[in-house]
Amino acid sequence: MTNIRKTHPLLKIINSSFVDLPAPSSLSSWWNFGSLLGVCLGVQILTGLFLAMHYTSDTATAFNSVTHICRDVNYGWLLRYLHANGASMFFICLYLHVGRGLYYGSYTYSETWNVGILLLFAVMATAFMGYVLPWGQMSFWGATVITNLLSAIPYIGTELVQWIWGGFSVDKATLTRFFAFHFLLPFIVTALVMVHLLFLHETGSNNPTGFPSDPDMIPLHPYYTIKDILGFLVMLTALAPLVLFSPDLLGDPDNYIPANPSITPPHIKPEWYFLFAYAILRSIPNKLGGVLALVMSILILAIVPILHMSKQRSMMFRPLSQCLFWLLVAVLFTLTWIGGQPVEHPYIIIGQTASVLYFLIILFFMPMTSMVENYLLKW
């Protein structure tokens, strides 16, 4: 008798994606982040759904409704802090996932990579709009500053900003539409995840060596499902103490002050996971130039496959490229630190230097180093 999981129209799709999927036998723990991101997305949708049952998207009551969730709803504080810190965990996994792709040359699967970039933009948009919802000081001013950047677009900028605001300033209409989009976008993200997996399963997974792994494949279940479960437990071990002991560690204290359009906070900054892009934005004195640099800091990932000059796919056997990769990581940490600092000397020049280095490493140094390594291979 044939197994039902191989014959049932629905089960056979799940089977070919999560059970009998052939996977390279050499996958390291860096391949765990895809499944961790799936878990993060599930947790965010579930906690967000229950939070939405108690939240009101009105400027007069939004702040109080979040307070009500934390104080009066059964385990509301847990839902709220799981959702807020779950977003941080989501971005940690997301950045590590992208970093893994850069290091091991996974970007050569261009369809999967490009859908991944779309996913990154969608998740960033979702997180930005979610940060506005508690309607604290940083929510309001963050929304004002970031949406105002669109006014740098020639001709249509001002009208575009007012169209997004639904008026002449960030107000009730803005909050309502941000809530609507914040609720909708995770489902669009889920659909994009399915497309991402569809393209990935067309080619099969990359592996740490970068060599074709067709002769040496193993089924995903039980080998990698067990490995993924270990990954979930490790992530939970990191997330639980954060949520239960230091839930506000990664947040901004200003967001516990209700939004006040007449008082500007001394330092307006986004959540920590956007600080690197915010530092790049601030490092350029011109508004339009800053906005372009901000968009390019993420969009540059789309041209990484074109810039791949090496004869080897992975960086595993390319020590010079490895040094550059870790320099890029150091630059990103520096940018994240600078993004949270006030705009004054010496932070300005450090931010500008790090921003220039970020683009130089990706656009110039990495391709050049690859060509040097290709030359050294002939020796």
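Even glycines carry a Cβ here, placed using N, Cα and C.
Among the features that Swiss-Prot reports, transmembrane segment is placed at 33-53, 77-98, 113-133, 178-198, 226-246, 288-308, 320-340, 347-367. As annotated by Swiss-Prot, heme b b562 binding site applies to H83, H182. The heme b b566 binding site annotation in Swiss-Prot covers H97, H196 and rests on similarity to another entry. Residues or ranges marked as ubiquinone binding site in Swiss-Prot (evidence: similarity to another entry): H201.
What Swiss-Prot annotates, mapped onto the structure for a quick look.
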residue: H83; record: heme b b562 binding site; Cβ contacts under 8 Å, 6 or more apart: Q44, T47, G48, L51
residue: H97; record: heme b b566 binding site; Cβ contacts under 8 Å, 6 or more apart: F33, G34, L37
residue: H182; record: heme b b562 binding site; Cβ contacts under 8 Å, 6 or more apart: G48, T126, M129, G130, L133
residue: H196; record: heme b b566 binding site; Cβ contacts under 8 Å, 6 or more apart: T112, V115, G116, L119
residue: H201; record: ubiquinone binding site; Cβ contacts under 8 Å, 6 or more apart: S16, S17, L21
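Non-local neighbours of the transmembrane segment (113-133) in the same chain are 55, 57, 62, 66, 87, 90-91, 94, 98, 101, 106-107, 139-140, 142-143, 146, 174-175, 178-179, 181-182, 185-186, 188-189, 192-193, 195-196, 199, 270-271, 273-274, 298-299, 301-302, 304-305; each lies 6+ residues outside the stretch with a CB under 8 Å from one of its CB atoms. Sequence-distant residue pairs (6 or more apart) of the transmembrane segment (77-98) and the transmembrane segment (33-53) include at least 3 whose Cβ atoms are under 8 Å, placing the two stretches in contact. Under DSSP, H182 (heme b b562 binding site) is assigned to a helix (H, G or I) in the three-state scheme.
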